[in-house]
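Quick notes on the structure that follows.
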Number of protein chains: 2
Amino acid sequence: MAERLNQIANHATASKEAGIPHPLDPLSVFELTTVVSIVRDTFKGHSISFNTVTLHEPDKSAFKFWKETGSKIPDRKAYFIVLDDSLSTGFFEGVVNITTKSIEECNQTSGACPIITTDDLRTIEETIRNDPKVIKQCELSGVPKSEMHKVYCDPWTIGYDERFGTSKRLQQALMYYRSDEDDSQYSHPLDFCPIVDSTKKEVVAIDIPSVRRPVSKHKHANFNLKDVGPLREVKPIAVTQPQGVNFSMDGRYIEWQNFKFHIGFNYREGLVLSDIFYNDKGTPRSIFYRLSLAEMVVPYGEPSFPHQRKHAFDLGEYGAGNMTNPLSLGCDCKGVIHYLDFDFVERDGNVATVKNAVCIHEEDDGVLFKHSDFRDDFQTTIVTRGIRLVISHIFTAANYEYMVYYIFHMDGTIQLEIKLTGILNTYICDEDDDLKGYGTQVYPKVNAHNHQHLFCLRINPEIDGPGNSFAVVDGAQSTAPVGSADNFYGNAFYAARTVPKTTGEAQYGYDGPRCRTYDMFNPNRIHPYSKKPATYKLVSREVPMLLPKPGSLVWKRAGFARNAIHVTPYVDRQFYPAGNHVPQTSGEPSRGLPEWIGDGKAGVENTDIVVWHTFGITHFPAPEDFPIMPAEPINLLLRPRNFFLKNPALDVPASFNVTTSDVKANKAGSHAMKDSTSALAFGKTSGEAAMVGSCCSSNKTSAAEPVSLGCGCSCNSKKNGCATACKCSPGQCCCA
Amino acid sequence: MAERLNQIANHATASKEAGIPHPLDPLSVFELTTVVSIVRDTFKGHSISFNTVTLHEPDKSAFKFWKETGSKIPDRKAYFIVLDDSLSTGFFEGVVNITTKSIEECNQTSGACPIITTDDLRTIEETIRNDPKVIKQCELSGVPKSEMHKVYCDPWTIGYDERFGTSKRLQQALMYYRSDEDDSQYSHPLDFCPIVDSTKKEVVAIDIPSVRRPVSKHKHANFNLKDVGPLREVKPIAVTQPQGVNFSMDGRYIEWQNFKFHIGFNYREGLVLSDIFYNDKGTPRSIFYRLSLAEMVVPYGEPSFPHQRKHAFDLGEYGAGNMTNPLSLGCDCKGVIHYLDFDFVERDGNVATVKNAVCIHEEDDGVLFKHSDFRDDFQTTIVTRGIRLVISHIFTAANYEYMVYYIFHMDGTIQLEIKLTGILNTYICDEDDDLKGYGTQVYPKVNAHNHQHLFCLRINPEIDGPGNSFAVVDGAQSTAPVGSADNFYGNAFYAARTVPKTTGEAQYGYDGPRCRTYDMFNPNRIHPYSKKPATYKLVSREVPMLLPKPGSLVWKRAGFARNAIHVTPYVDRQFYPAGNHVPQTSGEPSRGLPEWIGDGKAGVENTDIVVWHTFGITHFPAPEDFPIMPAEPINLLLRPRNFFLKNPALDVPASFNVTTSDVKANKAGSHAMKDSTSALAFGKTSGEAAMVGSCCSSNKTSAAEPVSLGCGCSCNSKKNGCATACKCSPGQCCCA
């Protein structure tokens, strides 16, 4: 990781400035350095390399005890994985207690492969470029030996290959050619696939197709500024907050508009939001204990060998944190931004930092609520705008970018938006090939295979306290026939709600026409009006079924994706639904969630539950996605229902409020939230239209005084004498 | 309409300034005045009132002829409906030719009721307040005779009531009580429902429930600023465009980022976008001929009488244009705004204007595309931001607000977003009533019934020319079993595509797990790479089934809602899928779309087609929706697939682009789109973090010079010597 920005903080400064870390805080530079030192001591005499060093989160009971009593703060601990050159296979994993500066656990693990790190990725290209068998295949493809520096590969997890199992740590090298180092290689795939031993750095096999296709001679499909010709003119938009932002940070806790929660981040899940509370008129009410993307899988739909191996678990096999981008102001994030860094350990034990890994900022959220009364032509009105809080990061998984946004709204809704961009995975084809519907030629000789992007959202709810249940809710027609006493006109419908009792029952698909939603609720907290339990409702509308069939390799390895919903009782350390160590698992047995569900008898009612929601998209590529893909959005919402006494955002200052009595008394109305920067696009150039919407709320006394634009009030009543001119009286709004 | 802003433009000025109206332009004040005059002459001696005067759109063939040849501009025409006091039932409707100043058609229509206008709404409250039978029911409810001025009603379309049919024009008065004129009445419904003759202005019946419930004595659930107590503090966000906007107007045509289209607006559909073209590197390519919301229905799920009557067709029975709000700068619309007015005719023939009916503005659209290369730690990178164009309006249907946004994206996507806000419809209940699952008590004694909001989007595609077809596309598993030769690993999947030939076949529901999408394509325009036809794909994920059952009153009247998709061949004047005159239709026969589909034999392949898409939400109310509802979003996308040769937005100026050769040469990279206003939230107060993300792209020569924030470049490489200090050299970016 030599190129990563390397900042080893001054230890004393870091510990003093930071104070005592919060139990959920990511490990600091100081702590990582301490762990590395302890692990090195433990493995003295061994030649080791660091694979993972990350926060070992406290058990929930310990965290809760400390949070409630202020005593017995959990020790700071780290989980680590190291590779040991003396092991031909397997690795060591364990836990370091940073507080006591001791190793608590250390085990040798066999028959499993640890997460793939960027250090593993880096060496592969060099290995394949120098391998004589690869060089030969390149020659056959039309790439001469002298041009091996123009050969590149995206090193992918091998997935699972029955020839190798977990006997060695392997990657498959998806091969590409660039004529120039600045080319985008994806228009020039090569047709063969070397398999590389990551430990020994040697090619162990090459999968060669029966039909050979030499590398394309077409121009590279590039997208850098120098390649795209004349740029279109785009006038910018500026987003500012002259009075500052509405969020404040206390360590890793953020407070914003009654929300308060901890922003964690780790090598694997990326963002982790914990201890999410809402301050409801002075009473802190819990919502979620922990929220994160726990796993994902991207299965490709081309059945021929070796493409079935393409089904990367980008979180479990690479890590969203490991692949996270350093973000830049005005480019990735616009407006008024606060960044958080991500500290990590490199292969050699060096502690490094990804600067600006997490972006925190606000955005305008449009109209929050509005109502106008038709009785006086909408003069009686209230319109209140919202602001939303966005916490985000971007990670690059070889070709693809995933942009992850957790968005908080003033009405208590929590939204997760994922936008896909970057570059399609591509394979070679001949221009007249029959792709059999499993892929699309997006550029001459470029086949982009069908695939799905399936994410697993891990939700540990704590809706208004412990003791939660789950319900699946569908819009359902009354069973009573049209014309019957109970349904005479045939319009009766209701919310059909099922509350599963066990993990066996708590497995659900998605139903679009019935607008299926999923409730997490507290059966012990009943709303005084509705008599329904305090709930956060998961509204998720991008919920593909897993297209690889039951019994398929992907189905076995990605058990979490078999259903849109699984629910399990909370158990510490059940974080990763495809298993702790995902690379090269066979899926027999299916690790993670299927193991935890087991015989399906565990109870999930009125207890501490974890909801695992699989969502995403099925992607049938098109040329518009190439050579780089415009961002495609995937969204879901977590909405409070029967949680708040009423709309929790009534106290947000309205942009404009005029009551009926105001109208009758010819009063100007209130602008609790003033907007002094909005303006007309075409100013005063078009006669009458120039004054449209303009108003004055200051003490102007003369009609001759120019009226300032953008005061944000509406004047649509003749009562104020408005016509084509402007009339101003002290304190009054007036417009043309 | 006395309170509506009344502006009768100077005729000469209007016609001179406006020039000759475009055939799709809404009728101008001048034209409306002309029509009123002609109609009055035609009905001389009759006592008439104006119900509707609107553009009578030219036949498509006439429009196309003129557009292609420049000759034979279609005459300007108006469609009108007038009520005549001499008719006990029915009305007159016809067409005025404005160009020749003559009546072309004028017919008396019986057995139908015309759209309900705001003039109809206004008179109802006065009628019910003065009716002795209503007064008596109010007394029984606990409202004394002396307080009838505190009794209000929301006049609703009666829907269909078999006692009356279309024999009289009727409304049902949903009754409410306010203790103060500024109260929100919805927490105080009354339990009975008067039916009012809109023509005679008299109560013809009162529907009285068998169990009586007196008006609530609870406090009113209000939301005005004066009622909500202390406001929270919210620091504003400012959105500006110092260099101006990217859209330009040519009459009602707008040009923006290669899109060009006509913005229409009428009394019924509200916004109508027509003649939508994309300038593809100099070649104008058609996409849609016409796009609008053509109808909607809001069926309630409470089966008991008279609640089955609650299923308003807000477009066909009231009109989105008729109910459209005048928008205000900084409140409804934020940023740099261009407005369009809406001119209309009042009951008495007076021409009036809703100022600022349509809002046009741009918003930041986030990251448009991004890719970074892991090989050099993401130093090789491109990140390009997008801007989107928003064309919107808001209409109030008594209690509810519908905010309609047509959003255009730089990647060619057209998005429709509808946000629901305003106030739930409410009915009275006792606090211990069993609502039987058909409603929710959202406040003491307030029952909010279940309902659906179903919208019908009318799409007349013209994808890259005439001759379009439709396809329904599902993600489908290969039929070959796991382990078979064609699907050995079980991962094979493809897009299963069906192209209907007739209107009978072209009726589809929605399938969530299969990620069903709907294609409109031109079979005569095949993409040179993918060999697939030029397509716009409808991606719609909020697609409830119609919950009222087949054979129900709603099912009969709202035939369009029986399926997510219907497709018909284009026929001029087939605009309104529930029929031209919707109020009080019985649904026997089902007007509109079911009539046009008929025997289902008409062809819809490779021809001029119209796609009718029904989408929306099923709403099970909760207290969070009360007393005013935070905006709930509904979205769908129209995405180009195999339409463009490649990503059409490559020429959008990147915020930041560094190539691999730039990195190696230690060059700063390019900022085609500069952002000089983004900033850090917490400035320079926290040591090292202060310089994070800051950079300099000007000719600074000394490290001592302060580095300006927000240049928008990222500097994460040690190669530039960055550490905790800032290093600047002429032209170079540097950060800490």
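In case you wondered, yes, glycine gets a Cβ from its N, Cα and C as well.
What TrEMBL says about a protein is an automatic prediction, not a curated fact.
Residues or ranges marked as active site, proton acceptor by TrEMBL: A:ASP314. Residues annotated as domain 'Copper amine oxidase N2-terminal' in TrEMBL: A:22-105. Look at TrEMBL and you will find A:114-215 tagged as domain 'Copper amine oxidase N3-terminal'. Among the features that TrEMBL reports, 2',4',5'-topaquinone is placed at A:TYR400.
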For the domain 'Copper amine oxidase N3-terminal' (A:114-215), jot down how many residues DSSP puts in helix, in strand and in coil.
32 helix, 27 strand, 43 coil
Reported as an integer number of Å, what is the Cα distance between the residue listed as 'active site, proton acceptor' and A:TYR400 (2',4',5'-topaquinone)?
10
Chain-internal residues, separated by at least six, CB under 8 A from A:TYR400 (2',4',5'-topaquinone):
A:VAL298, A:LEU420, A:THR421, A:GLY422, A:ILE423, A:ASN425
Which value does the mean pLDDT take for the domain 'Copper amine oxidase N3-terminal' (A:114-215) in this predicted structure?
96
Count up the helix, strand and coil residues in the domain 'Copper amine oxidase N2-terminal' (A:22-105) according to DSSP, in that order.
24 helix, 27 strand, 33 coil
Looking only at Cβ atoms, how many others are within 10 Å of the one on A:ASP314 (active site, proton acceptor)?
24
